[in-house]
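These notes are about the structure you will find just below.
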């Protein structure tokens, strides 16, 4: 993963983007008390999910709640005679990157599966299902044949050199695809994971749709496995650095959970030698996601998965303070800090794993795990995860929320095109490439559209945050930061 941080920096430099937008919701609620801050987790969850409506591409539905957005990119794929409308803009730009979009959909689906009752209890399950479906529908359209998958819409270089609203952008909508001749196992397998996870979400409420999702997932997994080749050879942005074995295990784990078919478990057992001990969970590295899912199977009696369970424990040991094998340090203020490029993506995903892993231990009446001479109970793991959520919501040295629209102090200059340029509804005149840069990107004013729920890249290793639109490493939100946070905030609505 040595090249990972370099890639992120180069990518974000070229993107010069930031998400933000005005939604019709109240400000985040934070009540003071003599003790620690008492955060309104239900409100934070609602806003974390609402963020995805501000990232939508395509024809917006009548139920759209983020009112500063309008229809956009309605001709995506038209020149190739394929309908690639819909899906999500990745971060602060107007490009649809399929791989991180699929990962975000996987995480949202995992949250819906793991915390269905908690999310439903605060009336957010329907909104979450809509967010999942928006991503899944795009992936279904992008899978046009058993061995053809569209993976990106938009010219990253051209888009990142401009600063335009998605509603009137005029940069090329170039499409990219993988097939048997130019494979991308990582992406095909991630699409498979996302669709199989989503199939579980919809199984009880739309059986036909769930079946369609699972069918495409199986086909995509076969494509990924039988036409192995790294996406690093077929991608312009979001290239793979960790290889494709993690995605194959991740997809097989979800397919086993969704279908119950023993062939997927056999595949995992036969290939569990691929499993590695890791210290991050990200759009590029899914090992601990698969390991966590399969740890549940181990405790359920699948003892052949012992190596994978041990590898999952190694991740916990790598991030827990006080662990003898700790690899990820915390800032002076207590935030897990993996690297200084959109660090909160790693914090939210690690926190998600910590919460779910602790829940698995409780469900299976396991006392805890050992990290050398250190022992951590499920309660201790959950307790540390909670500190990460609280840090993001405001319990930090900057005394600010890193979620836009939550609390009284939060980022106002999100690195996000649509948020930083007046809505087309109030400023219908076209904002061109250079005008966007000079008039809005370089502006010292707050973004005119408050992108409620957007979580930015976060502070530096010393807990400092510069609220500047140009600081893409810290001021830009992404779909996968929010997707992981949905599970983490949902966990705090649960008792264990």
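Any Cβ shown, glycine's included, is placed from N, Cα and C.
Note that the structure is a prediction, hence the values are computed from the model and not measured.
Now, the feature entries from Swiss-Prot:
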- 93: active site, nucleophile (ACT_SITE)
- 415: active site (ACT_SITE)
- 467: active site (ACT_SITE)
- 476: active site (ACT_SITE)
- 1-23: signal peptide (SIGNAL)
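Of all Cβ atoms in the shown protein chains, 31 besides its own fall within 10 Å of the Cβ of residue 415 (active site).
Per-site Cβ counts within 10 Å over the active-site residues 93, 467, 476 peak at 93. Using Cα positions, the member of the active-site residues 93, 415, 467 nearest to residue 476 (active site) is identified as 415. The two recorded residues, residue 93 (active site, nucleophile) and residue 415 (active site), have Cα atoms 9 Å apart. Distance noted between the C-alpha atoms of residue 415 (active site) and residue 467 (active site) is 9 Å. In the three-state DSSP classification, residue 476 (active site) falls within coil.
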